[in-house]
Structure formats: C-alpha cells, structure tokens
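Here the structure is laid out as structure tokens; the discussion comes afterwards.
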C-alpha cells in the first residue's frame with residue numbers, strides 16, 4: 001500500500017529489527033518523534049496534520065487496516081515527510097463478511113477505532129493551536145470505501161450510531177494502572193498527594 005513505515009529487516013520470535021530512520025538521508029541523527037518537537041521548530045504544523053491524516057486514510061483504505069494507536073507519539077519527522085511507527089500492531093478489518101474473525105474485526109468496529117485514532121491525532125496538534133473536526137474527517141475517509149461496505153455501515157448506523165462505545169484500548173493509562181494495582185493487591189489505588 002506504499003505507506004511510509006520503517007522497513008522490517010529481521011524477525012526472531014517476537015523481536016523485529018527495522019530500518020533506522022534518520023532525520024536526513026545518510027545521517028546518523030535519528031528522526032525526532034512529532035510529540036517531542038518544539039512548536040518553533042515546525043514551519044507549517046497544519047501541513048503536517050494533513051499529511052498525518054493522509055497516512056491514516058492510506059492505512060485504512062489501501063492497507064485495509066486500523067492502526068489502533070495513531071497519534072503524534074507514533075509519527076517521526078524526516079526531510080521526506082512523516083513516517084508512521086507501530087504499524088505492526090495494526091489490525092485488519094473484515095471487508096468480505098460483516099463479522100469478527102480471529103484475525104479481522106468488523107468494519108463498523110474498525111470505523112470506531114479509526115475515529116478514535118483521528119481524535120488522538122487531533123489532540124496531539126492542540127499544542128500547535130490547530131484542530132480538525134474528527135467526525136467529519138472520519139466520514140470523508142469512509143466515503144472512499146467500496147459501496148458494499150458503505151451500505152453495511154449505513155444499515156448498522158441506523159441500529160447503533162457511530163462511536164457507540166469507546167474501544168477498551170483507549171482507556172487512559174491511569175485507569176489501566178489502577179486496574180492492574182487492584183488486581184494484584186486487592187486494594188484500591190490512590191494517587192499520592194503532592
């Protein structure tokens with residue numbers, strides 16, 4: 001699908017070695033992660049946002065996947081543009097039948113994750129004082145799906161509207177920590193007082 005990602009080189013069990021992404025070609029300086037870049041260092045942050053939206057649309061429409069953790073923490077800036085990281089955790093969506101399978105999720109759930117990814121991306125650009133209408137962007141991407149999938153989405157939308165639930169994976173890290181603490185100790189987690 002020609003998505004800008006680091007190329008995998010070696011795979012051993014659950015360890016993957018990928019290309020080194022440098023800020024410039026033939027450089028040993030690693031490309032910075034978008035969330036670590038100072039506002040003053042970016043010439044046109046709005047252009048970066050649109051480039052990031054194009055990449056997520058490409059992942060969804062051409063790759064037929066949902067990233068699941070798309071944010072400016074998973075984007076690197078190079079002289080050629082943005083590079084997406086953590087695509088190996090992406091999940092395929094089912095485009096032939098409208099059910100979940102062990103390796104694919106239903107298209108309506110994929111759309112919910114797509115919306116959550118766009119919202120996360122949007123939050124990352126607040127520091128640049130730029131924002132987009134996440135639902136509108138999501139709907140514009142959905143319009144490019146094949147008619148069969150659009151029809152299914154319209155039918156499922158009438159039963160359960162888009163974003164009917166927040167995917168479990170997008171609970172805050174704080175909530176995850178509390179849950180882990182409570183499971184391990186059978187005690188309620190309380191934040192330390194400052």
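Residue numbering: from 1, along the chain as shown.
Just so you know, glycine gets a Cβ as well, placed from its N, Cα and C.
Feature annotation (TrEMBL): of 151-172, 173-194, the stretch labelled region 'Disordered' is 173-194.
In the domain 'RIO-type' (2-130), helix, strand and coil residues by DSSP number 50 helix, 27 strand, 52 coil. Summarising model confidence by region, the domain 'RIO-type' (2-130) averages a pLDDT of 87.
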